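Take a look at the structure below.
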């Protein structure tokens with residue numbers, strides 16, 4: 001084995017269930033065995049697990065997935081305890097302790113909570129404990145959900161300071177077309193930079209029991225790679241897949257980390273789920289993309305959502321394209337009032353000001 005590395009392993013519902021309505025315990029046992037081998041060799045392992053709702057369905061005997069949020073949260077509440085018990089039981093066979101972390105979008109949006117989550121996660125790793133992370137589906141509504149465990153795993157990789165992120169799924173990796181519909185589809189083994197062509201290839205296929213498709217895996221890979229983390233999409237059913245990834249053996253699709261990763265604060269900005277959105281005019285778009293300028297109120301055309309000063313927001317051009325994320329210096333109500341006005345008018349309009357810019361260039365990430 002090479003020197004000690006930190007690996008985040010994301011296990012989708014389709015991997016944990018094998019496409020059935022029940023957890024595939026035999027397969028989970030094998031995945032734990034692989035992780036335990038790496039742990040014994042000195043590597044640091046983080047598990048991002050799906051499957052809480054599936055575990056709840058199995059335990060309570062629900063034949064179908066309910067449609068209401070309340071019923072899904074009920075299943076998640078029951079299933080989450082079953083799931084962590086399973087991880088704890090299996091890792092204990094190898095004398096390994098696990099620690100549960102349940103996160104929501106709010107933990108990622110707020111810088112202080114983000115840093116607290118980071119400190120907790122790294123404390124677990126420093127004490128040779130395997131963190132088991134999931135979104136807190138029992139309490140998370142649409143407004144506070146990260147959205148899927150692919151993106152959650154990318155955020156976990158940033159929190160952990162990971163070297164690699166492994167997204168295990170029911171597919172071998174990213175193909176040139178959907179291999180389930182096109183027998184001519186070819187596996188893409190290496191990716192250097194994610195563009196619109198790749199996003200179009202990924203589409204939005206979703207497994208029957210999960211919430212993430214190949215499109216969300218590309219989003220996760222984009223976030224992780226820009227933070228300097230190699231990302232691999234591979235089949236969870238492949239024998240020895242986790243160990244092979246750590247050995248550097250070609251498995252699935254490898255998204256190469258950027259040579260110059262984002263600094264720590266900008267990793268948070270890039271990874272945090274946006275709390276809202278603003279649309280800017282052509283002049284502001286050009287200033288941001290071509291000249292690296294801050295965003296002035298004059299260039300703002302509209303504001304969507306309700307957010308506070310200091311939260312991360314999405315900046316879009318007139319066509320709706322996501323061009324940047326940044327930390328806003330004004331809340332949503334204030335931005336609506338000063339949108340389209342010169343910076344010199346801020347104090348007269350609001351009765352106060354936090355400076356002439358809406359989003360400073362130092363607090364902005366170009367998408």
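Glycine is no exception: its Cβ is also placed from the backbone N, Cα and C atoms.
Swiss-Prot names 137, 149 as substrate ligands; from the candidate set 50, 237, 250, the record adds 50 to that same site. In this entry, 50, 137, 149 make up the residues listed for substrate, with the farthest two CA atoms of the set 11 Å from each other. Taking the domain 'PUA' (275-353) as a whole, pLDDT averages 95 in the prediction. Around the Cβ of residue 216 (ATP binding site), the number of neighbouring Cβ atoms within 10 Å comes to 24. Between residue 137 (substrate binding site) and residue 216 (ATP binding site), the C-alpha separation comes to 18 Å. Between the alpha carbons (Cα) of residue 216 (ATP binding site) and residue 50 (substrate binding site) lies a span of roughly 14 Å.
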